[in-house]
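J.: What follows is a single structure, and I will ask about it in a moment.
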Ligand code: NAD
């Protein structure tokens with residue numbers, strides 16, 4: 001049985017992650033970590049997730065209190081918290097599955113540098129469908145990229161704090177890599193005013209925020225006379241949670257290093 005700790009356990013993803021671990025074969029909730037000032041501190045993880053039963057796991061405020069109670073940490077929090085937790089996991093020989101988005105380029109470099117002692121899975125999106133879309137995008141970029149204008153549109157709920165989404169950026173990276181472009185040079189984040197004509201070698205990003213949308217992404221290849229759109233719509237956070245739990249079970253059998261969801265799915 002793989003014991004999984006969940007940090008950010010009281011958050012939108014954290015609560016669904018507790019449900020997903022509880023429902024998964026071969027996994028159990030080993031620990032639940034919340035902020036020191038969270039009203040859920042001290043409550044049972046089952047109550048936090050609304051499971052209608054206790055799991056015998058009381059939410060604590062620091063990983064060091066539960067270091068011997070888990071094998072893998074699933075972390076969907078904030079970049080600074082995740083980097084500190086990654087460092088803890090490396091020091092204590094624990095694997096970690098990272099779902100947090102919004103890392104700066106420097107933070108991504110320190111994350112990769114740190115992922116040397118144990119297994120780390122880091123993906124901006126743990127849904128099977130989005131990871132399939134990444135492969136479809138490689139094909140679309142190869143076939144249509146030279147003759148198309150490429151635009152990425154994403155919509156999320158009003159509470160999301162980073163933009164564009166980590167998934168939209170990953171989609172942009174995949175398209176740019178396939179085209180032989182550097183995303184930093186070709187990305188255009190929103191437009192207004194006298195923008196001039198659109199250059200061909202550009203990937204446009206548009207961000208929409210509102211309501212309770214779990215996550216919609218469309219990548220558009222617009223050429224003269226036709227348009228291809230690759231669209232993914234997440235309807236439930238459970239799709240991300242199941243993918244993260246699948247990753248947590250997978251990573252315990254891997255060599256130390258940095259992996260993503262494409263590795264977990266064997267793409
Ligand atoms: P949220 O704000 O609802 O939850 C984050 C939780 O982390 C909060 O409860 C907060 O109190 C807690 N937290 C902050 N500091 C902490 C600390 N030091 N110790 C313990 N807990 C702490 O946000 P959310 O919607 O659950 O999203 C969290 C992150 O996951 C975001 O970056 C989001 O973009 C990302 N996300 C990724 C995927 C994916 O598939 N990779 C899917 C959905 C969301």
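Yeah, the Cβs are placed from backbone N, Cα and C, and that goes for glycine too.
Curation does not apply to TrEMBL; its annotations are automatic.
Keep in mind the model is a prediction, meaning the values are calculated, not measured.
Pasting the relevant annotations from TrEMBL:
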- 156: active site, proton donor/acceptor (ACT_SITE)
- 160: active site, proton donor (ACT_SITE)
- 8, 9, 10, 11, 12, 13, 99, 100, 101, 123, 124, 125, 126: NAD(+) binding site (BINDING)
- 157, 166, 167: (S)-2,3,4,5-tetrahydrodipicolinate binding site (BINDING)
- 3-126: domain 'Dihydrodipicolinate reductase N-terminal' (DOMAIN)
- 129-265: domain 'Dihydrodipicolinate reductase C-terminal' (DOMAIN)
J.: Looking at the binding-site residues 8, 99, 157, which one has the fewest other Cβ atoms within 10 Å of its own Cβ?
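T.: So among 8, 99, 157, the binding-site residues given, the one with the fewest Cβ atoms within 10 Å is 157.
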J.: Given the recorded (S)-2,3,4,5-tetrahydrodipicolinate site (157, 166, 167), which additional residues of the same chain have their Cβ within 8 Å of the Cβ centre, ordered by sequence?
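T.: Here the nearby residues are 101, 124, 125, 154, 156, 160, 162, 165, 168, 215.
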J.: Which three-state DSSP class does residue 12 (NAD(+) binding site) fall into?
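T.: Once the DSSP labels are grouped into three classes, residue 12 (NAD(+) binding site) ends up as helix.
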J.: Please report how many Å separate the Cα atom of residue 8 (NAD(+) binding site) from that of residue 167 ((S)-2,3,4,5-tetrahydrodipicolinate binding site), as a whole number.
T.: 20
J.: Given the model, what does the mean pLDDT over the domain 'Dihydrodipicolinate reductase C-terminal' (129-265) come out as?
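T.: The average pLDDT of the model in the domain 'Dihydrodipicolinate reductase C-terminal' (129-265) works out to 97.
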J.: Secondary structure at the residue listed as 'active site, proton donor/acceptor' (DSSP, helix/strand/coil)?
T.: strand
J.: Determine the C-alpha span of the NAD(+) site listed in the record, that is the greatest distance between any two of 8, 9, 10, 11, 12, 13, 99, 100, 101, 123, 124, 125, 126, in Å to the nearest whole number.
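T.: Between the outermost Cα atoms of 8, 9, 10, 11, 12, 13, 99, 100, 101, 123, 124, 125, 126, the distance is 21 Å.
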J.: In whole Å, how far is residue 156 (active site, proton donor/acceptor) from residue 99 (NAD(+) binding site) when you measure between their Cα atoms?
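T.: Per the Cα atoms, residue 99 (NAD(+) binding site) and residue 156 (active site, proton donor/acceptor) stand 16 Å apart.
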J.: Whole-number answer please: how many Å between the C-alpha atoms of residue 166 ((S)-2,3,4,5-tetrahydrodipicolinate binding site) and residue 124 (NAD(+) binding site)?
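T.: On Cα coordinates alone, these residues lie 5 Å apart.
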J.: Scan 156, 157, 167 for recorded positions whose C-beta lands under 6 Å from an atom of ligand 1 and note them, or write none.
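T.: With ligand 1 as the reference and 6 Å as the Cβ limit, the list is empty: none.
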J.: Report the nearest neighbour of residue 167 ((S)-2,3,4,5-tetrahydrodipicolinate binding site) in space among the recorded positions 12, 101, 124, 160, comparing Cα positions.
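T.: Nearest in space to residue 167 ((S)-2,3,4,5-tetrahydrodipicolinate binding site), counting only the recorded positions, is 124.
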J.: Counting every protein chain present, what is the number of Cβ atoms, excluding its own, within 10 Å of the Cβ of residue 167 ((S)-2,3,4,5-tetrahydrodipicolinate binding site)?
T.: 25
J.: Can you grab the distance from residue 12 (NAD(+) binding site) over to residue 156 (active site, proton donor/acceptor)? Cα atoms, rounded to a whole Å.
T.: 13
J.: Summarise the domain 'Dihydrodipicolinate reductase N-terminal' (3-126) by DSSP state, stating how many residues are helix, strand and coil.
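T.: When I sort the residues of the domain 'Dihydrodipicolinate reductase N-terminal' (3-126) into the three classes, I find 46 helix, 27 strand, 51 coil.
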